[in-house]
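Database features, via TrEMBL:
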type: ACT_SITE; residues: Cys114; note: active site, proton donor
type: BINDING; residues: Pro31, Met32, Val33, Gln85, His184, Ala238, Arg239; note: FMN binding site
type: DOMAIN; residues: 29-292; note: domain 'DUS-like FMN-binding'
Amino acid sequence: MIGDIVETKQCRIKDPMDLFHSGQVVKICAPMVRYSKLAFRTLVRKYSCDLCYTPMIVAADFVRSAKARDSEFTTNKGDHPLIVQFAAKEAQVLCDAARIVCPFADGIDINCGCPQRWAMAEGYGACLINKPELVRDMVRHVRNQIDNPRFSVSIKIRIHEDLKRTVDLCQKAEATGVSWITVHGRSVEERHQPVHYDAIKIIKQSMSIPIVANGDIKTLKDTENVHHLTGADGIMVARGLLANPAMFAGYEETPLKCIQDWVDIAVEHGTPFTCFHHHLMYMMERITSKQEKKVFNVLSSTSAVLDYLNDHYGV
């Protein structure tokens, strides 16, 4: 885990709360399983992304296993501001995990929104929106046990069918000292239905802490529209950034310069081939023909991918 980490407090330009108080909409890279790792965070930061999350990490495994820590969490001195997202269901276990990452990150986030069956069966993710006391307890524990007052504690949630319950959850979390709340504007059951931006607006109007809007944001124009619709202080993007890591910089589709940057960063970080290739498949989705995809998507080595990019795009 420690690897090339150095003490970075002097290097930090802004902590997350400074961003939220800047008067600008905070542009955020979402926690994405397998994808929002150090190399990809490095890439999106080059293209106007203000704040990045790690993929979700199961706090109990992270605390128990050095192997899990080494494989799940990697950072470096340029990787700030950084939020580590944990799946947790016990306040003290979350605290222990937060204490481990505190010297290397700017805050933690509690995943209260993952709708996957395995997560909910384990007591993680979206089932926590029905346990406001447990969420409150976890936030309070971290607040009481982490000495650094600048270290943020946030939560990421989905909405209830009955929005009053969501507002109640958010107000309880706010009273306990949560730094901000990210709202994915769908219920646990909803997958591809339209996002309820009106619900995010109501939550925003009910709170005095920053609210981040999440769900179906694919372009910089979408970012501006959702900000105007909801009043949200930040906009979090997942798939939109996978498809176009330069989205926040205003590009409509992935520019070749961004593909070149990804190749350079991925090679430098020793990114495993599957991850390296998958990112390129997402980035090139809009700029390649069906025939090109057929060829590119079955390439099976880094050298074959590099040759293809050089031959077809001069990358």
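Glycine residues also receive a Cβ, built from the backbone N, Cα and C atoms like all the rest.
Put plainly, the recorded positions Met32, Cys114, Ala238 were compared by Cβ crowding within 10 Å, and the winner is Cys114.
Mean pLDDT for the domain 'DUS-like FMN-binding' (29-292) in the predicted structure: 97. Counting every protein chain shown, the number of other Cβ atoms lying within 10 Å of the Cβ of Pro31 (FMN binding site) is 26.
With every protein chain in view, the residue among the binding-site residues His184, Arg239 whose Cβ has the most Cβ partners within 10 Å turns out to be His184.
The local packing around Val33 (FMN binding site), expressed as other Cβ atoms within 10 Å of its Cβ over all shown chains, amounts to 10. Straight-line distance linking the Cα atoms of the residue listed as 'active site, proton donor' and His184 (FMN binding site), rounded to a whole number, equals 10 Å. The Cβ neighbour count for Gln85 (FMN binding site), using a 10 Å radius over every protein chain in view, is 26.
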